[in-house]
Amino acid sequence: MLVPATTSTSAPETPAVTSELIPPEQESDLQTIGKKRGKKRKGKARGGKPRSTPQKPSKWADRCMYAELLEMPDESETFHGDGVPDDLETGWVALAPVPTGKRCLAVTHATAGIAGVVPNTTIRSRVLGKPLLKPFPSSLPPNTVLDCILDENWRFNGIVHVLDVLTWKGQDIADCETPFRLWWRDTRLSELPSFPPSFEATTTQPSSSSETSQFQFAHPVTFMPIPYHTNISLSRFVNELIPLTRVSRHLPVQIPITNPSSGMDLDIPSTELQTVSVEVKSDGILLYVSQATYEPGTSPLSTWIPIRAYTEWKDKDKMEDTTEGPLDKFERLIRKRLSRSPGHHASEPVEIEMN
């Protein structure tokens with residue numbers, strides 16, 4: 001998911017950013033800033049002419065379908081509507097909760113050797129298509145391309161969250177409609193063999209006697225699908241999907257057992273595994289048009305409802321609890337629409353927040 005890496009420095013540090021909030025042009029600047037710092041002066045070839053080293057753009061650049069933010073105008077602009085799609089219950093599919101992390105592509109190539117041992121997978125940035133990590137072994141089949149979110153804490157949980165599937169074993173899935181793609185994603189991922197991370201990670205030494213050792217993955221080992229929902233009635237949004245998005249999820253992962261008292265070298269993980277629960281923070285809700293194919297680049301076929309607006313995310317630690325984020329406004333509009341629905345009964349009251 002050659003000899004597997006045995007130190008936590010086998011992969012470069014990845015900036016922890018949110019999966020949907022950062023616009024493409026700003027993420028591009030974020031990824032290239034390190035290159036500018038280490039840029040060397042161009043030399044001159046014979047004849048005094050400067051050397052030119054043009055770089056071709058990666059074929060993986062801008063291959064992800066980038067969701068448009070759901071525009072929900074102020075209530076005074078009633079002639080524009082509330083921004084929520086009229087056919088939300090019948091024409092869309094919801095992915096929720098979408099975890100925080102870095103949007104990326106997981107790409108595999110054909111390799112000869114033992115599955116799960118030979119590096120066959122790369123994680124590439126959404127905008128530039130450049131590798132974020134060194135190639136690593138995975139249980140994914142060759143010639144597969146997945147739309148993913150690299151978990152912000154992947155070093156400690158080994159998780160890559162899978163949003164969508166573009167290609168599977170060379171077969172184009174992007175031209176299929178959304179419910180089929182997501183069904184295919186879940187079915188195929190559930191069939192993958194599990195490779196224990198016994199020789200793929202390290203354990204960090206505690207810096208003080210009060211701290212405990214912490215297991216770190218050298219590269220991701222688990223490709224976990226993000227839950228999708230085809231039944232997205234207004235009442236289900238209010239009673240289930242929105243509350244689910246507001247809280248963190250706790251997912252089980254397997255890590256080698258470490259026992260410092262046994263006298264074993266902590267850099268050599270144990271072959272015995274233990275299941276631990278890891279926290280995965282939520283970022284928002286992603287909506288896909290149901291009867292639509294996968295379209296690279298910014299697309300109206302998908303829309304994004306983050307918990308917090310991008311302009312607010314930088315100061316999230318200073319934000320007051322009373323601040324209404326996009327998900328808060330979306331819930332208020334859904335409740336308002338539900339209260340006016342012909343199928344709404346008085347026995348099922350829906351409270352509407354008033355400004």
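Numbers here mean position along the shown chain, with the first residue as 1.
Placed from the backbone N, Cα and C atoms, the Cβ positions cover glycine too.
Predicted automatically and left uncurated, TrEMBL annotations should be read as such.
Listed in TrEMBL for this protein:
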COMPBIAS  1-19  compositional bias 'Low complexity'
REGION    1-60  region 'Disordered'
COMPBIAS  34-49  compositional bias 'Basic residues'
DOMAIN    84-195  domain 'Snurportin-1 m3G cap-binding'
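In the domain 'Snurportin-1 m3G cap-binding' (84-195), the DSSP tally of helix, strand and coil residues is 21 helix, 42 strand, 49 coil.
Per-residue pLDDT, averaged along the domain 'Snurportin-1 m3G cap-binding' (84-195), amounts to 92 for this model.
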